[in-house]
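Okay, structure first, notes after.
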Amino acid sequence: MPLPPSTLNQKSNRVYSVARVYKNACEERPQEYWDYEQGVTIDWGKISNYEIINKIGRGKYSEVFSGRCIVNNQKCVIKVLKPVKMKKIYRELKILTNLTGGPNVVGLYDIVQDADSKIPALIFEEIKNVDFRTLYPTFKLPDIQYYFTQLLIALDYCHSMGIMHRDVKPQNVMIDPTERKLRLIDWGLAEFYHPGVDYNVRVASRYHKGPELLVNLNQYDYSLDLWSVGCMLAAIVFKKEPFFKGSSNPDQLVKIATVLGTKELLGYLGKYGLHLPSEYDNIMRDFTKKSWTHFITSETKLAVPEVVDLIDNLLRYDHQERLTAKEAMDHKFFKTKFE
């Protein structure tokens, strides 16, 4: 078997954790499906077909504009990539071309390049998103059931294709409530999963980082994305946005431990032969695991037992114990009728 990409991730000498599902999704496909190290053949579109209307956002790796295709007058989103290693750009392009057309994955229309700077831009479908800070507080239980099912469908699809998103958070989940349409966007941190590879833990956004990233467990897998889903769900249900609000990466794990317990954290580390990194020496205290009822108040009308049980099965230290996307969709919360 050819070695998976090696510059960003390393094949490990000691395999201590392998995904419970879809572990060989990449191995079962030809090497050109996942190997972005050799470069990617790009079918460049014409940049003159698109015009920028206005800027709608910027991230670490890109600037995002609303735009229009002048050929068919269709609105679109134009993501102009900032100059980074070509390997990272190749990875995003390969992942997007593999996934586009999949359920609830943002549609990639075209890839164009500025003639002078050679900087690539990605042309995506436009979603009339309502900001989560406005939208989520309006959700009733049937809305949570519907939209989280849509999100889990997207995740189960990308996982089945051997791809971890690695940056699931409200800002990357576009929802158009009029059309009841959800799209998972921003695949810039996504990566192909290969068993026994040590992955970079500097991924995901702080409030949605799984404990595995915070304790330098490099052999993580798709289950990382399910922790992030659990964080989103807990924030909505317990009316606490974000649910775990650390002031730094080490403090993020402390915030998690105040809820899930320190003894349980040490048990997790022990199982995988890891030690708490030294940056926790002065900040990690002996926290007792809290019951989820601790977060239920007269305000948390959505915190029915079924959804709390789902949260409990997603927010687990041990990534192997978390529900997979498919298992989560089969959870009783999604089968219960709410008014």
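All residue numbers here begin at 1 and follow the chain in the order shown.
Using N, Cα and C of the backbone, Cβ positions are placed for all residues, glycine too.
Feature annotations, reproduced from Swiss-Prot:
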ACT_SITE  Asp167  active site, proton acceptor
BINDING   Ile56, Gly57, Arg58, Gly59, Lys60, Tyr61, Ser62, Glu63, Val64, Lys79  ATP binding site
DOMAIN    50-334  domain 'Protein kinase'
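Positions of the features from Swiss-Prot, shown on the structure.
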{"residue": "Ile56", "record": "ATP binding site", "contacts (Cβ under 8 Å, 6+ apart)": "Val64, Phe65, Ser66, Val77"}
{"residue": "Arg58", "record": "ATP binding site", "contacts (Cβ under 8 Å, 6+ apart)": "Val64"}
{"residue": "Lys60", "record": "ATP binding site", "contacts (Cβ under 8 Å, 6+ apart)": "Lys82"}
{"residue": "Ser62", "record": "ATP binding site", "contacts (Cβ under 8 Å, 6+ apart)": "Lys79, Val80, Leu81, Lys82, Gly188"}
{"residue": "Asp167", "record": "active site, proton acceptor", "contacts (Cβ under 8 Å, 6+ apart)": "Asp186, Gly188, Leu189, Ala190, Val203, Ala204, Ser205, His208, Ser228"}
Reported mean pLDDT - the domain 'Protein kinase' (50-334): 97
Assigned conformation of Arg58 (ATP binding site) - DSSP reduced to three states: strand
Neighbour count (Cβ, 10 Å) for Val64 (ATP binding site): 19
ATP binding residues Ile56, Gly57, Arg58, Gly59, Lys60, Tyr61, Ser62, Glu63, Val64, Lys79: largest Cα-Cα distance, in Å and rounded to whole number: 14
